[in-house]
Amino acid sequence: MPERLTEMLMDTWTPLIILWITLLPSIYMAPMNQSQILPSGSSAELKRLTEEQRVLNRSKRGWVWNQMFVLEEFSGPEPILVGRLHTDLDPGSSKIKYILSGDGAGTIFVINDKTGDIHAMKRLDREEKAEYTLTAQAVDRDTNKPLEPPSEFIIKVQDINDNAPEFVDGPYHATVPEMSVVGTFVTKVTATDADDPVYGNSAKLVYSILEGQPYFSIEPHTAIIKTALPNMDREAKEEYFVVIQAKDMGGHMGGLSGTTTVTITLTDVNDNPPKFAQSLYHFSVMEDVALGEPIGRVKANDLDIGENAKSSYDIIEGDGMDIFEITTDVQTQDGIIRVRKPLDFETKKSYTLKVEAANVHIDPRFISGGPFKDTATVKVVVEDADEPPVFSSPTYLLEVHENAAINSVIGQVTAHDPDVSSSPIRFSIDRHTDLERQFNINAEDGKITLATPLDRETNTWHNITIVATETRNHSQVSRVPVAIKVLDVNDNAPEFASEHEAFLCENGKPGQVIQIVSAIDKDDPKNGHYFLYSLLPEMVNNPNFTIKKNEDNTLSILARHSGFSRQKQEVYLLPIIISDSGNPPMSSTSTLTIRVCGCSSDGIVQSCNVEAYVLPIGLSMGALIAILACIILLLVIVVLFVTLRRHKNEPLIIKDDEDVRENIIRYDDEGGGEEDTEAFDIATLQNPDGINGFLPRKDIKPDLQFMPR
């Protein structure tokens, strides 16, 4: 207690002691015959100091200025005396007038122009303005003439502890991992104090925790918040509310304080393993469930959150490890059990699985806490379902020769009902796959027979679909593809690959190759094609040409002699027999046309027509055709001319015998004998225009004629 009292006295009297030490130079070090700034005090003291300075006489300078001090927030019934201005030129006859100017002169600070006393008229706040710069001058009261040059001095506002610390950035939010060791850094807070940090302890702050112990602590001077308890568990408590206090005056009694709040949240770490909600799960599934369909879900709960709560599932034991699979639902973290392979109630009715859930992300700091995994048992019961027929094979491959007889059996498919009831099966062909109805099937035993002849050269493969249907439930249907391959038989004779026409030069040499021909066969023997070539028996001793078989299965035609002439014979026909190596062998006769042509010295064919020898020299076939065309054109012109001449010789006047009109007059009166025949002029009816002796002409356009009335 005595120590605390001493600290309070020091805090109270320290400003006064400093003020006194600051003013000592202006009192005891002022030279003789100088103007002085005197501190505030009693009048007797001021008079005594004035008398002492009159005795001293050291310098001829007129003014020596120092700083003045005034306490902030000081208030009283009268203005505060800050200090006094005095010059040794003042004999005390009141002829000197003191003038004050500068910051706050006349409003905040007022000077007595006779005595030089300076008073503060208002309460001052150091945080608003820490110092004031003023100018003092002594003038003659009567003439207002300056007695000395003006000089500046400063009045400093002395700080007092009138501002509490403030947390400008509060309230605060911070995070720290759960299970952290003691002393783990959490955050740092900062408070500010508007008081003078240089003078006294008004701005010296000390931090402490008012709420939040014993979980957290704070460094008194650095304001760093740390953990104070080990192994704080987020799953037990996630958020803490901490109140921090900052107190000035070094934390001593009488100091001002401010508070803020810090919300500290524990972040998650993977310190909890997954745990199944139950140790045994039961599921049932129909045997006809589709592959990949889920049959059930298991759940391993984890008290952690986010990435630390993610688990992966696996089947580690059981008799259905290859039948089922388990995957993780990323949204719910459930384990989804799915069917991996088809189920069969008649084969196996139940399965037992052992599944495991393990954390994906494991924190090595807590690995010693035990395995971060858990296991559970899953029992799956398979229920019976009415299944469609099952074929003995998923696909069938049948072979048949292309010369197979109609109704011969190609092959057979079999199927059975896997259910316990075992319904009979009927077979049929999907006619959409056999539009030409080339095959039939026995509905009872599934034997496939041939309905129409086959030709491998037209279609080598036939793909049909066989349908199996339960007789007791027609909705249970199965299908199976059947591929039928048509095997080749030697039923096609070889022939020339193309229509060949050989050209033989008149200046050719004996043994010269005229043409190389090749053959094709629509059949497809296993060992490939091998052709035999020969001439007709009656042409074996052909005096003009011979043949030679080549290694590449082609045939070369050779000339036996030279001296062929187009005038003697222009075209030769050479029949050739082509045989294959099939069983039985097939053969055909193809005729090669050999044309004799005129060639250049290097063997290039130039002309193969015999007419070239009978034409005049320099006259080609094209010129001959042009001449014939001109002759025909002249004949046509002559015929047209004669025809036109005959047309011009025809008579130009129409004769009476050319009139084909009938002389028939119809009337309704009864016949009157000869009088009736004389009533009309028949000549007029025969030719009305000839009534006036005028006959029309064919070669001119007639003028407009008016019939007489």
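Each residue's number is its place along the chain shown, starting with 1.
Placed from the backbone N, Cα and C atoms, the Cβ positions cover glycine too.
The annotation domain 'Cadherin' is assigned in TrEMBL to 87-167 (among others).
TrEMBL lists 168-276 (among others) with the feature domain 'Cadherin'.
The domain 'Cadherin' (277-391) scores a mean pLDDT of 91 in the predicted structure. Here TrEMBL flags 277-391 (among others) as domain 'Cadherin'.
Feature annotation from TrEMBL assigns domain 'Cadherin' to 392-496 (among others).
What TrEMBL lists as domain 'Cadherin' is 496-618 (among others). Within the domain 'Cadherin' (496-618), the DSSP-based counts of helix, strand and coil residues read 7 helix, 52 strand, 64 coil.
Annotation comment: TrEMBL describes 613-642 as transmembrane segment.
Taking H, G and I as helix, E and B as strand and the rest as coil, DSSP gives the domain 'Cadherin' (87-167) the counts 0 helix, 35 strand, 46 coil. Using DSSP to sort the residues of the domain 'Cadherin' (168-276) gives these counts of helix, strand and coil: 3 helix, 46 strand, 60 coil.
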